[in-house]
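The domain 'LUD' feature in TrEMBL is assigned to A:65-288. Taken from TrEMBL, the feature domain '4Fe-4S ferredoxin-type' covers A:304-372. Annotation source TrEMBL lists domain 'Lactate utilization protein B C-terminal' at A:390-461.
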Amino acid sequence: MHQPIDQYAAKLSADKRASVYDGTKSGYDARLRSLNTSYPAPDHLRLLAGRIKQHTIENLDTYLPQVEARLRTNGVKVHWAVDGGEACAHVHRIMEARGAKKMVKAKTMVSEEIHLADYLEKRGMECLETDLGEFIIQIDHDHPSHIVKPIIHKNRREIATSFEKNGLGSYNDDPEVITARARQFLRHKYLAADVGLSGANFVSAESGRIVLVTNEGNSRFSIAATKVHIALVGIEKIVPRDRDLGVFLNLLARSATGQQLTSYTEFIGGARSANQPDGPEEMHVIFVDNGRARVLADDCRAILRCIRCSACLNVCPVYRQASGHAYRAVYPGPVGAVLSPLLAGDEFPEMADLPKASSLCGACNEVCPVNIPIPDLLLRLRDRGKREHSKVAAADTPPMGAFGTLANHPSLWKAAMKTGGLSALYPTFLMPSYGKAWVRTRGMPKWRGGKFRAWMKNRKQQASK
Amino acid sequence: MTASRDAILKRVNDALAPLKERAPYPEFADDVAVMPALDRNGDLWAAFCERAKLVHGTPLSGKPAVLADWLHGQNLHHGYCDPELLPLFGEALAAAGCAVETIFDRARVDEYQFGITRAEAAIAETGSLVLTDATTSSRLAALAPWTHVAVLKRGQIFADVADALKKMPADPNVIWCTGPSRTADVEGILIEGVHGPGVQVAFLLE
């Protein structure tokens, strides 16, 4: 049995690999340029942000009730969802209560996580993606493969083809034309929709403000044109005070796209003002657990600091080769390799190969704006996969039993080391099948072991002279 | 509903209970994330203009006629104007051949070439405009037309993001617009004007 990610990467077309490589590389370069030209010591900010977030998640028992109280004071209706099913049911119920049939939604990872669009469509509701990338994913019946750039795996020709197929004009692969057509089509959808749904990048416990960042302005349009605003919020999204946002907004935009600030930063404290003609009459916040409290109980809880900037995806040599779909879950890349198995709950063993999809080079930790020690967390999860005897985690791992016997018997070990030099002469046709597969693409290494005992012995003799 | 609330809070409590100590809230200066290169004592409007241009914003300043001439020069002749701004701008706009409406009719969303509304403030450090419900007469008029003009006065400019956060207005809808609406979803190529304005003007009224 082989590792699923290796298999996926091996079958990936050259076109897709080039798209992913170019997209991640440009994201990485932009981040570096932006951070280093803005600050003499950007690392200091990163460490500080990590400490604020770690403090927050370790005090969620205080901050969650606090933010709930603030939201209620602001006139926001607060709901709680233990899992995805309950979160979807809340959305459905809110829509039904208003007699609403049409929703426009901004990009939110939680809604992907809980399969909201499928849930609503099965119940006769329209649920339209408004972020350009997510919209293209939706008309293609595809899945996002990157957190910030959902269609990093697609080129303009594919997009033009699906626009043509979906009645959005004749074939034209000019990005300017593609964007203009989406603009024209979607603005009428906003105006016809009843409900606007968003996620939240941050929620301030101090003011109860939901903070949303987008470049396209799609969340702003959904919240200007519809009568109901629903925000789906993972319980880990809180920051203690408004002033903390100065640190996070600066780091998020730079780490995600290399911008100083994202084009639109929205601070939403409730429904529209009385004198405002546009915007929602009511606002709902749904706090979603869906496995997060379980992650909080785990010693990998630092992953809950993540602010979904994708810097770790962009820098990861495995992500670049394999693409996001290889991770078989909503969250790809290094963050996904930690988060997806943890969020999977009882299905952890089925996702336990993901922590092995890493070279442990440490680049993900180095670029992380909240300093998550991703390589350490991956090692902990590899260990857990082994302890729980996960079959997918064991794939492509050579059997270590024989090595264990060898290493536990000094005389055997000594003999093996002495004769090891002969290994290069071993007839490969006598090898077991996995050994044959191994040497088919690699040469036998030159023997370099077995010298230590001799060296040690000589060293003692030298010293006694 | 309350059952789920209690269940989640209990899980969170149980998850955190075994922690012997919890990470403290780190102390830091308000301006820790402010770029050191920023000149906070100089002309804030000049600093704003410099930053706004970097994000492809369009800063303009002067009497109402300056804006009216600019709109005329861009071949924009029909749009929306905040009714409270009309006494100031109406005459100049009419003279430049610009017809404006003071109620945004969403049924005719594609007919408005521009929208003129007031800004709550601006942020020099990032070239951002701050819009609120209190100062924006119509959210849609500030968003749907290709060109949005936000009118502000001197004395309404924050030096940096930290300052703007500290003096956040008590408004349910505070928006920082940093340049025009943009996307790079198609092959990473930057395109301006997706759902929001393709041209974002900051007009300093003098």
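Yeah, the Cβs are placed from backbone N, Cα and C, and that goes for glycine too.
Bear in mind that TrEMBL entries carry predicted annotations, made automatically and left uncurated.
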DSSP helix/strand/coil residue counts for the domain '4Fe-4S ferredoxin-type' (A:304-372): 43 helix, 0 strand, 26 coil
Residues in the domain 'Lactate utilization protein B C-terminal' (A:390-461) grouped by DSSP into helix, strand and remaining coil: 50 helix, 0 strand, 22 coil
PLDDT averaged over the residues of the domain '4Fe-4S ferredoxin-type' (A:304-372): 96
